[in-house]
Amino acid sequence: MSRLFGTDGVRGLANGLLTAELSMQLAQAAAVVLGHNHSNGSRPRAVVARDPRASGEFISAAVEAGLASSGVDVYDAGVLPTPAAAFLVADLEADFGVMISASHNPAPDNGIKFFARGGHKLPDEIEDAIETQMELGFERPQAAGVGRIRRFSDAEDRYILHLLRSIAPQRLEGLKIVLDCANGAASGCSPELFKDAGADIVVIGADPDGLNINDGVGSTHLGPLKAAVLEHGADLGIAHDGDADRCLAVDHEGQEVDGDQIMAILALSLKEAGQLSQDTLVATVMSNLGLKIALRDAGITIKETAVGDRYVLEGMREGGFNLGGEQSGHVIFADYATTGDGLLTGLQLAAQVARTGRSLKDLAGAMNKLPQLMINVKGVDKARATQDPHVAAAVARAEQELGETGRVLLRPSGTEPVVRVMVEAADMETATRVCEDLAAIVKEHLALEPTS
């Protein structure tokens with residue numbers, strides 16, 4: 001049987017892979033694995049939250065039933081962002097948390113992910129233990145041993161207050177900000193947060209009906225946000241994805257400011273304030289070379305990790321660093337959060353605009369993005385991508401040609417027979433030529449043999 005947990009919990013088609021029965025089994029197994037260290041005589045406690053997908057209603061009901069029937073007291077936080085769930089686990093000193101969301105995926109999908117005590121994502125070995133436990137029996141508590149389910153009525157207020165404290169005493173008066181909530185989990189709390197911070201806000205993508213999450217809006221569809229920023233003459237726009245663990249921005253001219261540029265702005269700000277731990281930013285191998293150049297010139301080191309916010313977080317925790325993230329907009333502030341937080345990122349970005357009196361466009365100009373092109377080469381033996389001598393020689397030639405003004409990255413897909421060829425160069429013409437040449441060589445020398 002293939003592994004149930006993926007890179008970010010269990011995710012799939014709701015009522016396809018992710019049924020009510022599976023959801024309850026997962027919850028019961030998690031109650032045993034994550035609640036077993038609770039030994040003070042009271043029942044273990046868990047926070048449960050979800051995004052507004054229609055399927056989240058029956059999945060959360062199944063999860064809560066599974067937890068309570070296993071002797072866990074459940075604090076139902078309702079519809080809230082993923083980072084809010086992580087924060088509340090720590091704030092409540094709960095034993096673990098459950099977030100029901102498929103993030104930026106379309107509405108028919110859903111997912112279940114767990115947070116350990118303190119609000120941290122689970123390591124692989126704990127996820128494996130939960131899967132193993134699903135096949136085992138367990139003792140069902142009765143009478144006073146069963147868990148209770150209660151509404152976590154002040155969950156959103158606690159989260160918003162925590163975020164506001166992260167920029168205090170800075171306020172956002174004088175800024176007009178457009179918020180795109182992706183018809184997702186931030187539709188209620190993001191407008192409330194920025195309004196409480198003093199900003200003049202315009203809100204789009206904040207009318208969830210259970211089926212329209214990420215549908216043409218949010219951080220994966222920036223067109224509506226760009227148009228709204230220009231229409232309303234806003235200073236900037238902020239876009240979340242469905243579960244609000246990421247943030248992308250738009251400047252006053254309607255130009256995108258991606259995760260790399262956001263990290264550059266925030267790293268430089270923290271460095272100037274003497275608050276960037278070890279003068280280091282943690283980023284993935286997919287971050288633009290322009291980020292490394294801009295930060296190097298400012299005396300900031302970049303520690304590179306594999307792609308995925310969990311690897312960024314691992315790198316941060318191992319090295320004791322306090323800022324990291326991805327080009328996609330997952331940004332982690334370890335001083336305030338245990339996971340990527342799109343509301344926190346947007347708030348910190350807006351606070352920097354307010355604090356400096358500079359436009360977002362001006363701040364983003366600290367980083368010169370190098371032209372980047374990626375080609376997905378399909379139908380190839382990805383296992384040989386780093387071993388084939390012809391491919392290795394072609395990569396070496398490309399790297400020699402690009403020198404310090406570009407780079408090459410070959411990255412095998414984790415799920416498909418695909419090798420991703422990424423090239424950055426001083427100009428798009430060079431990036432295109434080098435990337436297409438490399439992709440052709442990968443296709444020629446790594447092609448899978450046809451099956452009979």
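Cβ from N, Cα, C; glycine included.
Keep in mind the model is a prediction, meaning the values are calculated, not measured.
Sequence annotations record features per position, and here TrEMBL assigns domain 'Alpha-D-phosphohexomutase alpha/beta/alpha' to 3-135 (among others).
In this structure, S103 (active site, phosphoserine intermediate) belongs to neither helix nor strand by DSSP; it is coil. Applying an 8 A CB threshold to same-chain residues 6+ apart, the list for S103 (active site, phosphoserine intermediate) reads D8, T82, G111, D241, G242, D243, D245. The active site, phosphoserine intermediate annotation in TrEMBL covers S103.
Look at D245 (Mg(2+) binding site): DSSP puts it in coil. Annotation comment: TrEMBL describes S103, D241, D243, D245 as Mg(2+) binding site.
The phosphoserine annotation in TrEMBL covers S103.
The feature domain 'Alpha-D-phosphohexomutase alpha/beta/alpha' is assigned by TrEMBL to 158-254 (among others).
Positions annotated as domain 'Alpha-D-phosphohexomutase alpha/beta/alpha' by TrEMBL: 258-367 (among others).
According to DSSP, the secondary structure content of the domain 'Alpha-D-phosphohexomutase C-terminal' (374-440) in residues is 33 helix, 19 strand, 15 coil. Residues annotated as domain 'Alpha-D-phosphohexomutase C-terminal' in TrEMBL: 374-440.
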PLDDT averaged over every residue in the domain 'Alpha-D-phosphohexomutase alpha/beta/alpha' (158-254): 98
Neighbour count (Cβ, 10 Å) for D245 (Mg(2+) binding site): 33
Number of Cβ atoms other than its own within 10 Å, given for D241 (Mg(2+) binding site): 34
C-beta crowding around D243 (Mg(2+) binding site), within 10 angstroms: 35
Helix, strand and coil counts within the domain 'Alpha-D-phosphohexomutase alpha/beta/alpha' (158-254) (DSSP): 28 helix, 20 strand, 49 coil
